[in-house]
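Sequence annotations record features per position, and here Swiss-Prot assigns active site, proton donor/acceptor to TYR137. Summarising the annotation, Swiss-Prot assigns active site, schiff-base intermediate with substrate to LYS165. For THR49, VAL207, the entry in Swiss-Prot reads pyruvate binding site, with the evidence type sequence analysis. Annotation source Swiss-Prot lists site 'Part of a proton relay during catalysis' at THR48, TYR111, citing sequence analysis.
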Amino acid sequence: MASKTKFRGSYTALVTPFKNGSVDEAAFRSLVSWQIGEGVHGLVPVGTTGESPTLSHDEHRKVVEWCIDEARGRVPVIAGAGSNSTREAVDLAVHAEKAGADAVLVVTPYYNKPTQEGMYHHFKTVNDAIGIPIIIYNIPSRSVVDLSVETMARLFELKNIAGVKDATANVARVSLQRHAMGPDFIQLSGEDMTALAFMAAGGHGCVSVVANVAPKLCASLMSAVLKGDYATGLAIQDRLVPLHAAIFKEPGLAGAKHGLKLLGRLDEVVRLPLLPVTPPTGKVIRDAMVHAGLLN
């Protein structure tokens, strides 16, 4: 039950820019600075959207360090520290803490399909190794396992477990988790399209892919609903819905990078086995950005 009051609002799941086969530090730092200037409430480097599966561990650590250094304490940084190897997750989490991260995001172990008890011990081992908050990342569509509400409740008894990034897209989970763990258990939506409904059910914020492209709009939506102004939130959502759909027509990180390319902020290079979006999807993304008022 870690201190978790600051984890509210719109947290951008940052893309990782590449240039000439390497991570582009200058472009990444520029992205971080722009995001903060646009009013985002927090940053999440090297998660799924940051292409963590195709980063080396050295690259992963450098991106975390650059993000923390560039943020300079202006917004919280929740560093990705997930792995399907508990030992690797611990190593990444320990590094993130030493680098100055405010919290770590730890995904449910993917591919090896652990039991609920196995997942409990995975998170407990990370919990016991560090002294900063841990946000559980529950994403059954990618991990093939779903951390149950009951297991989350057990984990919330540990000192550093602060909440969940819930990418189930099942809004009912928000109410079930709120009932089981109470309102202090931080619930961050991991789905842009359902984030407004997620907040209405008791959520605290969103870890957003679309915020890469529309940071000010995403932050404004979250700020409005956190104040109970759902009319304003819905009006902003109406502007963003086509963009939510467009960015995820193909892998979301590729869609986000294409949107950032259209804004002139970075190249859309991704690492295999992912590819840049196709021209038809690129047109849909552009049209959606025009609808949102991001492009003329």
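The backbone N, Cα and C atoms fix where each Cβ goes, glycine too.
Between the CA atoms of VAL207 (pyruvate binding site) and TYR111 (site 'Part of a proton relay during catalysis') there is a gap of 23 Å. For THR48 (site 'Part of a proton relay during catalysis') paired with the residue listed as 'active site, proton donor/acceptor', the C-alpha to C-alpha distance reads 10 Å. For the recorded site, TYR111 (site 'Part of a proton relay during catalysis'), the DSSP three-state label reads coil. The CA atom of LYS165 (active site, schiff-base intermediate with substrate) is located 19 Å away from the CA atom of TYR111 (site 'Part of a proton relay during catalysis'). Candidate recorded positions: TYR111, TYR137. Fewest other C-beta atoms within 10 angstroms, TYR111. Across the fold, the C-alpha of TYR111 (site 'Part of a proton relay during catalysis') and the C-alpha of TYR137 (active site, proton donor/acceptor) stand 15 Å from each other. The number of other Cβ atoms within 10 Å of the Cβ belonging to the residue listed as 'active site, schiff-base intermediate with substrate', over all protein chains shown, comes to 26. Distance from the CA of THR49 (pyruvate binding site) to the CA of TYR137 (active site, proton donor/acceptor) is 13 Å.
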